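A short worksheet on the structure shown next.
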């Protein structure tokens, strides 16, 4: 079961003026399951996205990037689960373009105004007849209060839907930020992770939204790992419809942006953490903070070295304070970050929660196993490391590694 | 149970003239278990080693490097299991130096002539009283036919001991190559893996042996991964006693070196593969070959990206030909090798055994699931990838990821 992931209350998810969502059961992989989502976006909205850096990126990712680069005003998103449409060559590309074409016809918009997304099994072709047949039903289902259903319709191995919503006041007007995400496995983002959508009815100019989207992805979806595998289909999309009636924000330093930016960032972090809380087989949620690094890259590399280590993750699953494994993972992080080759391990302090476990690279004199055990027994655990070599820091979020992870991934296609 | 790992026949392990081995039960962590090994090396031998690149390397690794760098003729190895003596700060260093001092006294040699090794739990101190008390017994036990016992005495989570032995003729004289290794978890070497020892009674000059040792490590222990975790204690040692009566080899191009080099390399590869066959919880042994890369680094990075992926490894455990996961792992290898940023996935072919699964980056037209299934059902599986972008290639060896892996590592300290 997910670790402290709140159950969604559909009534607590604010509509975002200018965004309507429609879902259907297209039977793409399994019957009786919401598996196709259409999102309609009002004319004049700004839409930005960041995508997986996986070289085997899926056809829909390539098409999204091309449609965004064309500067066509984006008017629709279409998302299917059950098939990733990755590793599908020319036919996969054709299937994605055909999907966009059909959405465009139904909605009377340009095919380039459609962003397509797929998630599911790689190396299999989309069942196009089912998918196309489903689009009309999804279109008829469009409504502005379907965020909870939308969150459900994009799930794969997720146990629970993931959503975030806030209402804030900007210049006396109500602005809304609502978002959804999915993902539980193949989670180790490299620019963004599959799939996150955040919408606001604030008005943010396209170039500024592009800049903010990258920045927010780096502080949220790019700080999580479930299994170290980067998906072929990762996508994170931010929509600003401008329908709240607030003034258009074009400047990074506009004071009106402060609360909106904070809320967009909070949305992305909560949704990213929700993916970890619902990580495949997860029983623990770990926050790993690395301080005193020379660069953020150093801090993030060490954080992920700890957060990806199967030995660390199985020890957390067992609530076993076998914390030498964390030191080992710090020590081999230089494999992935050259500047760590001169890391002086004799300076490093390691904390588990508030407990000092290692000081100056060795077992802390004050440390007793029972102190580590008390922290390990909790479901939410903080690991912090001080390298004492600079001022940069980073925090990443990860989960443990359980029998259930193996079962889920040994059974996934069956 | 290990995957096709032959049971050691003690009588099939040739003594190496100039090497004697003695073990004892020092009760370092558990009772009634061989856990301390002493190796005596004849005067005039050449001894070379390569060690972990983990920045949190253990005190014995630091001392080994210092003793080898001192150009003292190495006369003894001492190996304990049950405690890695890593993450132990100043006291850990003192404990290792004290161990060398005691061995030196017992054997009437210089402390710098002793190479110390430890393996086991990190962040705990060596039980020095037990260790030192055990040394006399190990010394009295020295004999040249104790290779099988020695292999057993260095095991930790290993299910079975690992050894290799060959006799060959060089210039009409009998030369022997015998080696042992241990390791089952925290296996993703970076220069060498914990622990491998290969000895020959051929005569090889020290500078040449140093060169060969690095080369052989790169083609054997540096090509395996069980869990992607690089140990704090990895060490690979090659001993050439010169006691076979063959001429001293000083030149890389000496024709007498050919069969000796081939046998040393075979020893290292068999011992490295034995670690994977006995990988924690392993049920499958995978050989991953990447061809057509621009550089060996590219090929090795992609090989390990596949070989470390929890999603690939759990699919192999399930005998599930969910082969899109292999494409995803190829696609994100650029995370760890910048030159792969321009990898053209539309050129890539993927084979499972002899079955063409993907061609030009997409599902092969000839591929049917039953063909992949037939290969996946086997215990030894070959994965090969052609990138069609250069002439470099590399092969790595890895195992699958099972429930048993989680159980072993959740239980390790108890």
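Think of each number as a place in line: the chain as shown, counted from 1.
Glycine is treated like the rest: Cβ placed from N, Cα and C.
In this view, residue A:156 (substrate binding site) is surrounded by 20 other Cβ atoms within 10 Å of its Cβ, with every protein chain counted. For A:156, A:182, A:193, A:280, A:409, A:414, the entry in TrEMBL reads substrate binding site.
For A:193, the entry in TrEMBL reads active site, nucleophile.
Secondary structure at residue A:409 (substrate binding site), taken from DSSP and collapsed to helix, strand or coil, is helix. In sequence order, the binding-site residues near chain B (CB to CB under 8 A) are A:409, out of A:156, A:182, A:409. The Cβ of residue A:280 (substrate binding site) has A:157, A:184, A:185, A:226, A:227, A:404, A:405, A:408, A:409 as same-chain neighbours under 8 Å, each 6 or more residues away in sequence.
Packing around residue A:409 (substrate binding site) is summarised by its Cβ count: 28 other Cβ atoms lie within 10 angstroms of its Cβ, all protein chains included. Taken residue by residue with DSSP, residue A:182 (substrate binding site) is part of neither helix nor strand, so it is coil.
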